[in-house]
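Features of the protein shown, as given by Swiss-Prot:
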- Leu8, Ser9, Gly10, Gly11, Leu12, Asp13, Ser14, Ala15, Thr16, Thr17, Leu18: ATP binding site (BINDING)
- Cys187, Cys197, Cys200, Cys203: Zn(2+) binding site (BINDING)
Amino acid sequence: MKPAVVLLSGGLDSATTLAIARREGFACHAMSFDYGQRHGAELKAARRLAQSLGAIEHKTVHIGLDAIGGSALTDLRIAVPDHPQNGIPVTYVPARNTVFLSFALGWAEVLGALDIFIGVNAVDYSGYPDCRPEFIRAFEQLANLATKVGVEGGRFRIHTPLIDLSKADIIRTGTALGIDYAMTVSCYAADAEGLACGVCDSCRLRRQGFEQAGIADPTRYRS
């Protein structure tokens, strides 16, 4: 099996991405990040999911994006909104996917892997600029210009299997692949036990996705 690095947050989208990469026959090395986010529940979920979904290795990288703040997810002084916002919301973490993909790229070089999977989505999403197809294309170009592998003739590919799927379609896909979505944590403001707030944008999209998919939502909500 070809090796691949799969970014795994512990949420619904990244779990589905890992399951898809496994279905496609990749030997998956899962990578998660403790980046100073509000809660650690998603990292606990990521560890469980990596094992459940058959990753051959799971690495958690510690980076301090809370040192620069600028996001409701890394700065406790900024409240997580309980309603949709116009424009790019305060839950956007500056340069997060650029940083995450850079670490994934470095690990891929070490592993001899040319494939990186990330669960970004540009349909039912919060409007983050680093989830758009044009960002992924630009990063893939960077990856092939800025690495020893690229200079020596190899070619990295950034896989985004969810990019054009609705949340409902993502849930249907993952359910067909046997994912237990009760194990995932998507909420921006989950508590230590992984209970979801039920009102943030991520909870709203998740609830809407299960409803539109016609599948019972296993999420434990506080409200």
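Positions of Cβ are set from backbone N, Cα and C atoms, glycine also.
Taking Cα separation as the measure, Leu8 (ATP binding site) is nearest to Cys187 of the binding-site residues Cys187, Cys197, Cys200, Cys203. Here Cys187 (Zn(2+) binding site) is positioned 10 angstrom away from Leu12 (ATP binding site), judged by their C-alpha atoms. Of all the Cβ atoms in the protein chains shown, 24 others lie within 10 Å of the Cβ of Cys200 (Zn(2+) binding site). Neighbour counts were taken as the number of other C-beta atoms within 10 angstroms of each residue's C-beta; across the binding-site residues Leu12, Leu18, Cys197, the minimum falls on Cys197. For the pair Cys187 (Zn(2+) binding site) and Gly10 (ATP binding site), the Cα-Cα distance reads 10 Å.
Annotation for Cys203 (Zn(2+) binding site): same-chain Cβ neighbours under 8 Å, separated by at least 6 residues, are Ser186, Cys187, Tyr188, Ala196, Cys197, Thr219, Tyr221.
Taking the centroid of the Cβ atoms of Leu8, Ser9, Gly10, Gly11, Leu12, Asp13, Ser14, Ala15, Thr16, Thr17, Leu18 as the ATP site, the other same-chain residues with Cβ within 8 Å of it are Ala46, Leu49, Gly119, Thr184. Close to Gly10 (ATP binding site) in the fold, though at least 6 residues off in sequence, lie Ser32, Ala41, Glu42, Leu43, Lys44, Ala45, Ala46, Leu49, Thr184, Val185, each with a CB less than 8 Å from its CB.
The secondary structure of Thr16 (ATP binding site), as reduced to three states from DSSP, is helical.
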